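The following features are taken from Swiss-Prot:
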type    : residues         : note
BINDING : C10, C46, C78    : [4Fe-4S] cluster 1 binding site
BINDING : C171, C175, C178 : [4Fe-4S] cluster 2 binding site
DOMAIN  : 1-114            : domain 'MTTase N-terminal'
DOMAIN  : 157-388          : domain 'Radical SAM core'
DOMAIN  : 391-460          : domain 'TRAM'
Amino acid sequence: MKFHIITLGCPKNQVDSEGMSSILAAQGHTPVAHADDADVVVVNTCSFIAAAREETLDVLREVAARKTPGQYLVAAGCMAESHSALVAAAPGVDALLSTREWMRIGDVVDTLQREPAVAASSAAREIIPLSSAPASSDDLRVPGAYADWRTAPIRRRITGPSAYLKISDGCNLRCAFCTIPSFKGDMRSKAVGAILGEAQELADAGVKEIVLVAQHLTDYGRDLGLKDGLALLLDELCAVLPKDRWVRLMYAYPHGISERLIATMARHPQICHYLDMPLQHAHPETLRRMHRPPDSDRTRRLIADLRAAMPDIALRSTFIIGFPGETSAEFRALTAFLEEVQFDRVGVFRYSREPGTPAAALPDQIPQRVIERRWHTIMRLQQGISRQRNRRWVGRVIRVLVEGQGQTDDGRLLSVGRSFRDAPEVDGQVLFWGTAATGTFVDVRVTQALDYDLWGEMVEAPADDARSENGT
């Protein structure tokens, strides 16, 4: 059968979609570029916040409206787990596949191929036709025992010079605003050997940047009995990867960042001097209500240690604006913290009241108009900070991973890429005149700094390893 996968949400979902694609391809099914050409359309759903769930339902409705006779629609992933009844009730959905069961996509497709208009049951019942039973969420689930994602054979489909590598799934934290543990469960780490094998396969396929992702990256290996598991993994990873590769760390919660991890990042040439460190707020009372570590002074010391070990490090963080009870004083403390710390990159989320979370039941919910005003204040503040941080690079040479080419309206050719300071999809770009092959590293002298991007010109002197990517 021909299949097409639509991925919504975060990079972890992208990894799961690649896993489903590789499983289906290994079973003889054929990927196609457009949903209209597929016999089976898989939508890997997102349930992060209300807006993500609405987008998921919109996509399911859109695909269902275009379904042709004999075409099937499978809803997979987080929302299929967290809101299974709602997803099952969406018109045209033929099967559900939860976020913990994506590696059983082959069973689902084989079932649909073998018995038209059927879906699966989650309990001990046999496969049953939808036409003869209620279309409840249970009736749509895939049967059988849970298959562990950590050992599922995956052959990644390489589509560019960068790839995400998920090292764990689930989270042991219970932040007051977050629903993820309710459908992902506690953290489960992938074995070091399995990660090394996947990384080696990616490198052999030509991937130049491996981005490590997880719900809680710095907690990696705790369930395996490892101390400083992420640092240990990075040592092993850099031992097998060529020197001209990048390794990037995303979703690194600060209370898991140890002295050993900082030293490991500084020591290995492959590791980008970049850290995505979600903090969510800076005022201790707000953090307590969030069920987050409230020690902002420790965070300041940690940032100082990171910059002492890697003076060129680019730091990114994310914050939630309008959390219940956030007073004007607490908000001012956050803006003061941003001015003091000077992050290179910041993502800002408007608080979303998620049913079933402790935060949803808190008093003093902030009016939306106040959240919006504070969000714009933070964004304007950080825009200026990011511009100033970018200006430090004017006149300097920085290594760039080329991601594509283009041209201006007047026909001038240019290339687009990212430096070590820029994670895929969420950060800025480096643009420079001329053309360079996609997937190659080039050195660029920065000539202009914008709010989030850099402009420059390619220089001839190549760097001989990945170390210069962290700045010369």
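Using N, Cα and C of the backbone, Cβ positions are placed for all residues, glycine too.
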Arithmetic mean of per-residue pLDDT over the domain 'TRAM' (391-460): 95
Local Cβ density at C178 ([4Fe-4S] cluster 2 binding site) - other Cβ atoms counted within 10 Å: 22
Output field, [4Fe-4S] cluster 1 shell: CB within 8 Å of site CB centroid, site C10, C46, C78 dropped: L8, G9, K12, N13, N44, T45, S47, F48, A52, G77, M79
Cβ neighbours of C78 ([4Fe-4S] cluster 1 binding site) where a neighbour is any other Cβ within 10 Å: 28
Packing count at C46 ([4Fe-4S] cluster 1 binding site) (other Cβ atoms within 10 Å of its Cβ): 22
Cβ atoms near C175 ([4Fe-4S] cluster 2 binding site) (within 10 Å, other residues, all chains): 20
Distant-in-sequence Cβ neighbours of C171 ([4Fe-4S] cluster 2 binding site), under 8 Å, six or more positions away: C178, I180, P181, K184, D186, M187, Q215, H216, D219
8 Å Cβ shell about C171, C175, C178 centroid, [4Fe-4S] cluster 2 site members excluded: L173, R174, F177, T179, I180, P181, Q215
Between C10 ([4Fe-4S] cluster 1 binding site) and C175 ([4Fe-4S] cluster 2 binding site), the C-alpha gap once rounded to whole angstrom: 18
